[in-house]
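Q: Take a look at what TrEMBL says about it:
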{"type": "TRANSMEM", "residues": "20-40", "note": "transmembrane segment"}
{"type": "TRANSMEM", "residues": "52-76", "note": "transmembrane segment"}
{"type": "TRANSMEM", "residues": "96-117", "note": "transmembrane segment"}
{"type": "TRANSMEM", "residues": "138-160", "note": "transmembrane segment"}
{"type": "TRANSMEM", "residues": "197-222", "note": "transmembrane segment"}
{"type": "TRANSMEM", "residues": "243-265", "note": "transmembrane segment"}
{"type": "TRANSMEM", "residues": "271-296", "note": "transmembrane segment"}
{"type": "TRANSMEM", "residues": "303-321", "note": "transmembrane segment"}
{"type": "TRANSMEM", "residues": "391-415", "note": "transmembrane segment"}
Amino acid sequence: MAVVLYAPALALNQVMGIDMLVSILVIGLVCTFYTAIGGLKAVMWTDAFQMIIVFAGLMTLIIKATIEVGGIAKVFEKASAGGKLEIDNFDPSPMVRHTVWTLILGGFMTALTVYGGNQAMVQRYVSMKNLRGAQTALYLQLPASIVFTSLLVYTGLVLFAKYGDQSPVPCIIPKADQLIPYLVMDVLGNVYGVPGLFVACIFSASLSTVSSGVNALALVFMTDIFKPVYKKITLTEVNESKATVYSKVVALLYGLLTIGLAFLSQYFGTLILQISLSIFGMVGGPLLALFVMALFFPCINSLGATVGMICSLTFSFWLAIGTIASRPSPPTYSCPVDTNTTMTNYTTHWTSNYTILSTTTPLYNSSTDIGNIQVAAAEKTGLQTFYSISYLWYSTLAVLVAVSVALLVSCFSGGTKKKPVDRRLLSPLYLWIASLANTYNSTDLEMHILNKTDSKQGSEEKINGANTYKYSRKDYAVSFYSKNWSEQTGC
């Protein structure tokens, strides 16, 4: 949430020149206020209207920028020539940042941390009237998410087609995260009201995410921590009126904490999207592992799940922090100076004393820089190579570590034999797979032999709806009871 709060501050700083401190404070306080006062209902309604604004602003930018570049065909032609359409990169190495496997497998697990284990999303599911309503909302969200993600990818292609290797970073704008605001001012700066629409677009996306997160954190704290502690201390249940007041105070405190962390986001790295997805992998991966263990591994007990999650969190933070610490310093760019040029672009009042180069002077060749970085990455050995794992694999690795450790601990601690698992809590997929195997236990076999000592050898009959083979007393009788499989949970 802190990273998401930091994003619109960058946009405002680029488009309107507002100080980062002021931007973060204003956005954070407004979001915290209406989340604490309105609760989940306010979050849901504002999210709906804010996404309409986001789509409107993004479509306006894409259409105008595509026209200036020369059309959709020109955009894809330049992107292909610049090597930005690598749809055939099947490199299996997890060290490569983006490949087909990384995006499909690693991206799937990263997205699953959001849709399957994130409290803000789960909270939306349970707010629906019934299960069918939640499923319908999720199914309708899928095509909308595909369209929106495609628009964002196309925006990146338009950005490259517009500037190519002559990127304005860092000679004109200091951060790559400010490229889209820079494109807006470059393309739409002369159209009255459109830069403001874009600012509203950025604000809406940020407020939507932060408000959902703050509200989810407040509800989790109230349900899992505050109410049990309150009951243990006072020996009474907290009434609804007090709970409402306390939840608003908790939401306010979480909002202020988010504002504080937002000021630290500028030190996390250069790309907001990568930071956000890395955090999802670091924290969301171990959380998703808990859901996976609960749904598909009934033999994992509470001790195994706890130890597995702790190990997964430790591994994830070690990987992420090590990656940040071992990141090479960014290349130093020398920007030719044209002292007679000042930033007097567009018909807006936006005039800056930035010293930039003339438009005919190349800033730097980004292709060369990327190639040098890739060569440097190829020379890494040991832990440096391990830290080069693509951020999209963080969630997958976190789940694998958690489940593996949990299974080992559970097997050595007796699994769930002493505390059988309710099959209604298991995944339907697991139940279907398990139903394909008929199992029996030793008690069933012994009882069957004792009851059938006088039967004829090799005869066969139906007993209790299951196929039972009866042999003489000296032979073994094998009985398959499909109804007993669900009782055999535990390592």
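Every residue, even glycine, has its Cβ placed from backbone N, Cα and C.
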Q: Do any residues, 6 or more residues outside the transmembrane segment (96-117), come within under 8 Å Cβ-to-Cβ of it, and if so which ones?
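A: Here the qualifying positions are 86-90, 138, 277, 280-281, 284-285, 287-288, 290-291, 390-396, 399.
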Q: Same-chain Cβ contacts of the transmembrane segment (243-265) under 8 Å, 6 or more residues past its ends?
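A: Residues 1-3, 5-6, 9, 21, 24-25, 28-29, 31-32, 35-37, 39, 210, 213-215, 217-219, 221-222, 226-227, 272, 275.
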Q: Please figure out which one of 52-76, 138-160, 197-222, 303-321 racks up the most CB pairs under 8 Å against the transmembrane segment (20-40).
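A: Ranking 52-76, 138-160, 197-222, 303-321 by Cβ pairs under 8 Å to the transmembrane segment (20-40) puts 197-222 first.
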Q: Quickly jot the same-chain residues contacting the transmembrane segment (52-76) by Cβ under 8 Å, restricted to those at least six beyond its ends, or write none.
A: 85, 148, 151-152, 154-155, 157-159, 161-162, 180, 183-184, 187-188, 191, 194, 197-198, 200-202, 204-205
